Amino acid sequence: MLKISLPLRLQLSLIIVIGAAFLKHYAWYNLLVYGAIALLWMGISRVSIRKLGGLLGAEVIFLSLVALPLGWEKASFLMVRSLICLIIMNSFLLTLPPHSFGIALKGLPLPIPLKENLLLAGQYLEILLSEVTRMQRSAQLRGLNGVGGWLRYASAAMIGALYLRTLERAERVYGAMVTRGYNGQLPIDSTLTAKERFTLIAVGIVVTCITLSSYTMPI
Amino acid sequence: MHIPDGFISVPVAAVTSLASGGALLVSFGRSQTAFGIRRAPVLGLTTAFIFAAQMINFPVAGGTSGHLLGGALAAIILGSPWAGMLCIATVLIIQAVLFADGGITALGANILNMGVIGVWVAWLLTQTLQRFLGGSKARLPLAAGIAAGVSVVVAAMACAIQLAISGTAPVNLVLASMAGVHILIGVGEGLITGGVLAYLATARPDLLPGEEQKFRGWLTPVVGILLVAGVLSLFASAWPDGLEKVAENLGFIDLSEQVRIVVPTPLADYGIQGLGQIGTSIAGLVGAGACFAVAFGIAKVMKPKNA
């Protein structure tokens, strides 16, 4: 994979997705250009084709359920356009190193309260998942298995118990974070360099031109 | 209900982004004063919790499935619809940016539907229903469960209207199908929300809002009027009123067809063409909203300066 920083990769993915999603209906030639860009992005990211295929397969089933009742002609354009957006975003996601989405998100121009909440939510998701594992292990140790075992995890009492257990751990973790000097900000720098800014602007201009041309050219 | 990329038009995406962006900006200030840094773990964890809960789909009739939206749950656990909005918006941003669930370009629309409309409908309805049910803490799960179910249907209808305005699907088709499926999902949402709150009320009652009345004077009548206009209007009689009946009997009903100037109105006969009963409901809501706006405007203009 090319050495592109996480914030730049995320911002480039977002710009291309926005450009593709705003194409005029039935602008197939412009969509073809975005398709080529998506494939190029997929190649640059060196995403695993098997993983990407599996994920896209599940997403295409959902998309077809939504789009097919609209008629074949409309549905095919909507689905291809959405598929290109999915390829671009998933190429970024599937090559994202673990524990690093906070760094990628920090580069986005979002208000501080939202960023802080995003970072904490990401942090607590891991605690939540570990609590789920612990609760599953406790259930197994108590012999609570069987075919209908999944029903237990869908019960309101179980969901409530999971919330309370995780909250207690989350409060302890937050206390430790504050003690170590956490003030709502990640202790890393995620600003773009001058070269990266130039790349971002150049790609932004190209994408804008492709999308705008779909509105000016006859279909 | 997550709208994917490419399903809504540029104007709809722009307007919904502006609306949800504005609502979020207000919520930052409000939730900070209501919440503060001390309770940051509760906000962060509730966000993570609702994100995880949204990953678990439950089966709904017709081969489709639904999942918890969590707007009502977030607003009630956090004790503030502003913090609830922030929580749902964060979940939607994570889903769109990191999991390609819901489009980047449709993020504004998704935040508006689930984070603003879903949360506020659930919050206002919970407060009103709880007051109708006696205002005790024990009735909170019931009130919140009903409100959560209704909020899902209202949010789905908003989503359907956006898709229709974008020209993606005909309004009668998308509105009826979205409302139909989400009534079933709403039942699941209501059961989970009510159940979780009932558990929390027993295990950690300090996490839920207390017995004190937080209601504002205008809330119950306004939400009551909207409920009557939006829900009870569906059961209104389709028979002609007294004058129409007399005109039919005496044979002068056709005179109304001979007027020279006809003013076109989209809400003729308290409905929207092609939408059936849902059209009646929307017409009722629009009418009630318009009457409230006019009355509010007149009251503002007529108010004495020293009042």
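Each position is counted from 1, following the chain as shown.
Positions of Cβ are set from backbone N, Cα and C atoms, glycine also.
Taken from TrEMBL, the feature transmembrane segment applies to B:7-28 (among others). Tertiary proximity for the transmembrane segment (B:7-28) is limited to same-chain residues at least six positions away from its ends with a CB under 8 Å from its CB atoms, namely 82-83, 85-86, 89, 103, 105-109, 111-112, 115-116, 162-163, 165-168.
Residues 31, 66-70, 73-74, 77-78, 83, 86-88, 90-91, 94-95, 181, 184-185, 188, 192, 207 of the same chain, all 6+ positions outside the transmembrane segment (B:40-60), place their C-beta atoms under 8 angstroms from a C-beta of that stretch. Taken from TrEMBL, the feature transmembrane segment covers B:40-60 (among others).
Among the features that TrEMBL reports, transmembrane segment is placed at B:72-98 (among others).
As annotated by TrEMBL, transmembrane segment applies to B:104-126 (among others). Remote same-chain partners of the transmembrane segment (B:104-126), defined as residues 6 or more beyond its termini with a Cβ less than 8 Å from a stretch Cβ, comprise 1-8, 12-14, 16-21, 23-24, 69, 71-72, 74-76, 81, 84-85, 88-89, 92-93, 96-97, 140, 143-144, 146-148, 150-152, 154-156, 158-159, 162, 219, 223, 227.
Annotated transmembrane segment per TrEMBL: B:138-165 (among others), in sequence order.
Residues or ranges marked as transmembrane segment by TrEMBL: B:171-197 (among others).
Here TrEMBL flags B:218-239 (among others) as transmembrane segment.
Positions annotated as domain 'PDGLE' by TrEMBL: B:220-303. For the domain 'PDGLE' (B:220-303), the predicted model reports an average pLDDT of 60.
What TrEMBL lists as transmembrane segment is B:278-299 (among others).
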